[in-house]
Every structure is written in structure tokens, then in C-alpha cells.
Amino acid sequence: MIKTDILIIGAGPTGLFAVFEAGLLKLKCHLIDALPQAGGQCSEIYPKKPIYDIPGFPEVLAGELVDNLMEQIKPFQPGFTLGERAETIKKLDDGSFLVTTNKGTEHNAPIVAIAGGLGSFEPRKPLLENISKFEDNGVAYMIKDPEVYRNKKVVIAGGGDSALDWSIFLANIASQVTLVHRRNEFRGALDSVEKVQELKNQGKINLITPAEIISLNGDDTLESVLVRKISNANEEILLEVDDFIPLFGLSPKLGPIGDWGLEIEKNAIKVNTFDYQTNIPGIFAIGDVNTYPGKLKLILCGFHEATLMCQSAFQIIFPDKKYVMKYTTVGGVSGFDGSTKEAPKAVVKAIE
Amino acid sequence: MTDIKIKITDRDGVLHEIDAPTDMNMNLMEVVRSYELAPEGTIGICGGMAMCASCQCYVVSDHELPEMGDDEEAMLSEAFNVKDNSRLGCQLHITEDMDGLEVELAPEEV
Ligand SMILES: Cc1cc2nc3c(=O)[nH]c(=O)nc-3n(C[C@H](O)[C@H](O)[C@H](O)COP(=O)(O)OP(=O)(O)OC[C@H]3O[C@@H](n4cnc5c(N)ncnc54)[C@H](O)[C@@H]3O)c2cc1C
Ligand code: FES
């Protein structure tokens, strides 16, 4: 069981900055995120786009902002449970919370801060009749361990960066890689498109475009997929396969958090504006996931909410201690790793 | 003229006749959001960058609309529930030529 002071659900910009603010108060944090990497929407939807409204940064790429946040919180050594979705919450007799993920990982903390943004990112599943039957039996929407595909016949569908990148990667692992896309054009990085072209010319990737998968066949496990060429002839090709990997991007869903007994309004969690606590004491909601009169879904607002939330979390954990807010310029930053940062003191020299 | 009339059928099949401003640099997805015709978090997820298809709609009237750009075409080629009259609401900027436009919101992808 993972134990911490503040358990943060969601490793988007809000959750990440909460680690820093908690660290200043000597509180340890652990983050859970359904995505395999930190950064939330910034990393998943628009890592290469510039943001212009972060104070002090006239322009910063979303991915760069996340890298900077990770660097800033490094001294506070947060723990991460990535690629797992927080599924259930239970209040224990000692008043703390037990949060379990879809993979069964258990986390325990006196404070839970939900920084879940628009929700956990779930794969967009193609509308194929029996696709759920083959999930984990030949159909996967994300690649976690490429070794699973060694010497297998794999079909990938999609036309974006993930479809291109994984086709390239698996070309050297799988016995056969087929990439199916509805158009001849791909919307990925130019060098990935060129690499796929090269691998196709070498016979290492079987490219079928414009085409779509129209059915999946097999008894218990996937055995073949039917591909239809999108052309006048509508030619159909039956491909024997071991694995089908549709990569059509991810879409956020509020998901299980919606069933935790929290007051929900318009797909967001209602909080007060004093400390962003929900209707359940000890559970806070910060960033895009919350709602209150005047709410704005901006990174800047998430940072502010995270800061106020930590003050209350401190008072709940240490009801008898009084904390006085200190400026980092004055108090510096002392990491849990023993590192310290503080403004250099001016040297006072006697003048004779 | 600063407002035009648009008919939007929401995902529950309810028809809304609304006034959309032409002088606020809005697109159809933003109009749908401002009138709250679809629940928060189910439309405009990518903020209007033609990257999510949550704003897909079917154009029912025979208005001449601006041609699709590459991004819109690429996104619709990967979206689900796509029909011949599908467009991405976020790529349709509200102009006076759209007066009387009739659209239907495509189902939410689940
Ligand atoms: C295209 C686009 C452009 C934008 N541009 C700007 C801009 O210029 N300026 C600005 O300020 N804002 C901008 N935003 C908004 C900004 O990205 C959000 O306000 C910000 O990401 C919110 O951060 P967050 O940490 O609250 O949530 P998110 O970034 O959404 O992160 C939430 C994380 O929680 C995880 N999660 C949710 N539920 C669970 C669960 N049950 N278990 C595990 N993990 C879970 C999700 O996987 C996700 O990683 C933009 C958004 C988009 C989409
Ligand atoms: S809002 Fe995402 S594609 Fe239109």
C-alpha cells in the first residue's frame, strides 16, 4: 500500500503544481494518472502548441511547461502511479482515505486532491460490433509492452502520430505489421511519414489505404480482420492476425470519480471557493475538474486553487500547528532530497 | 446585421432555434457551448483545434459552407459516425452567409 500526505488524482499542470505548494509545507504527495505520462491535457492534446497566458512566460510550449513543472517539483520527490485510473475511494476508520486503481494498486492518505481535469483519458474505440469481446484477447488500444508483439502478426489502424510511430517501432519486432488508414494522407510528423514510406518500400510494413477495418473475427481470441478498401470497387481483404491495435486518440471521461458521492454539476465537482474542498471533508477538487460561481478553466486558475488547497490540507493534517505563509524568496525551498535553494545573502564587509 | 438564426438539433433530438452573433469571431462549436446545448466536457474538448471531433455535426440545410481544410478532413477521416454531410463545428466560423443554417449534433463518442 502506498502511503502519503496528499494523494493527488491527476498529474496535469494543476496536480503537478500542487506537489510544489505541498512541499513548501513539508507535505509529501503521490500522484495517480490514467495516462502513461504526466502533463494532462498539455501533454496529451497539445504538447507542441504555444501557450501565451502563463504569467511571466510570454510564450511557452505546453510540453515545455510540463517539463518545467516536473523540474520544479523534483526536490519534493513525488511518487507516481501512472497508466492506472483511480477507481474507488473508501473512508477508513482513522479518517484517512483508501483509493484503489483499476489495476488494484492501493493508496492511503489523509487528504485526497482530485485534479482530474476533464476526466481520465480513455481510448476512442472504433464502432466495431464485437470489439469488446476481443479486448485483451487480441485487441489493445494502447501499447504498454511492445515485446508482447514479438513475432506476431499485427494490424494497426489510424492516421496520426501514434499509428505511425508504433508501426515503425513494431516493424522490427512483429513478424508482420499492417497499417490501415481511411486516407492516403497521414497527419503525423513528416519524418515519421517518410520512415513508414521507406519501411513500406522495404516490405517491412504492409500499408493499406484508403481503407477501414469492417469486422473482427475469431472464436475466443482474434483470428482475422476484414479490411475494406474505400474505392469504387470496395474490395475486401481478409487478414489473418494475432493483434489489432486501433489508435484513434484518447478522449477524456469523468468516469468513476462521478460515483464517489461528490456533488457534481455540469460534469464537474462542486467546491467552495475558500479552499476548494468538496462536500466530503478531506477531499478537495482543483483545476478543470471543479466548478464554482465564476469558474474559469485555465492553467493559472488551477495553480491558484492548488495553492489555497494545500493550506487547508496542512491544517487538517496538523490541526494544532500554525503555519505562516513565507515567500520563497525569503524562506527558500528545502527539498525532501536534502537539497536547498535560497536567495544568496549579501556579504557584509566592514569598511575600515 | 450582427445576429443570424441557426437551427440546431441537440443529441436528444430537441430542436433549438438560436441567434448567433457574427461579430464575435465565434465558431459553431462555441455557439453550441455558449447556449449549453451539450453537457460540459462533451463538446469542444480540444478547444477548437480540429483534433477531437467532439464538435462533429451534420449539415441539414443546403447552405454553401467554406470548404474543409486539411485538418478538418483528416480529423473527420478518423472520427466515428461520419456521414457525407459531416462537418466539425469548430471549423465553421459564423458568418452572415450562414443565416438559416440547420445542423444536427453528431452522437457523442462513447
Ligand atoms: C487545445 C487546448 C488549448 C488550451 N490552451 C490553454 C491556454 O492557452 N491557457 C490556459 O491556461 N489553458 C489552456 N487550456 C486549458 C488547460 O489545458 C487546462 O486548464 C489544464 O490542462 C487543466 O489542468 P488540470 O491539471 O486541472 O487537468 P488536466 O490537464 O485535464 O489533467 C487531468 C489529469 O487527470 C487524469 N485523471 C482524471 N481522472 C482520473 C482518474 N480517475 N484516475 C487517474 N487519472 C485521472 C487525466 O488522465 C489527466 O491527465 C487548453 C486546453 C486545450 C485542450
Ligand atoms: S472542438 Fe475538437 S475538433 Fe472541434
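Every residue gets a Cβ built from N, Cα and C, even glycine.
Any TrEMBL annotation is an automated prediction that lacks curation.
Features as listed in TrEMBL:
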- A:THR14, A:ASP33, A:GLN41, A:TYR46, A:ALA86, A:PHE121, A:ASP288, A:THR329: FAD binding site (BINDING)
- A:5-293: domain 'FAD/NAD(P)-binding' (DOMAIN)
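Remark: of the binding-site residues A:THR14, A:GLN41, A:THR329, the most isolated position is A:THR329 (fewest other Cβ atoms within 10 Å of its Cβ).
Proximity to chain B (CB-CB distance below 8 Å) holds for none of the binding-site residues A:THR14, A:GLN41, A:PHE121, A:ASP288, A:THR329. Proximity of the binding-site residues A:ASP33, A:GLN41, A:ALA86, A:PHE121, A:ASP288, A:THR329 to ligand 1, judged by a Cβ distance under 6 angstroms to any of its atoms, singles out A:ASP33, A:GLN41, A:ALA86, A:PHE121, A:ASP288 in sequence order. Taking all protein chains in view, 17 other C-beta atoms sit within 10 angstroms of the C-beta of A:TYR46 (FAD binding site). Our reading of the FAD binding annotation (A:THR14, A:ASP33, A:GLN41, A:TYR46, A:ALA86, A:PHE121, A:ASP288, A:THR329) yields a largest Cα to Cα distance of 37 angstrom. The 10 Å shell around the Cβ of A:ASP33 (FAD binding site) contains 28 further Cβ atoms across the protein chains shown.
Annotation for A:ALA86 (FAD binding site): spatial neighbours A:ILE9, A:ILE32, A:VAL99, A:THR100, A:THR101, A:SER120, A:PRO256, A:ILE257, criterion Cβ-Cβ under 8 Å with sequence separation of six or more.
A:PHE121 (FAD binding site) counts 23 other C-beta atoms within 10 Å of its own C-beta, drawing on all protein chains shown. Every protein chain shown contributes to the tally, and the Cβ of A:ASP288 (FAD binding site) ends up with 28 other Cβ atoms within 10 Å.
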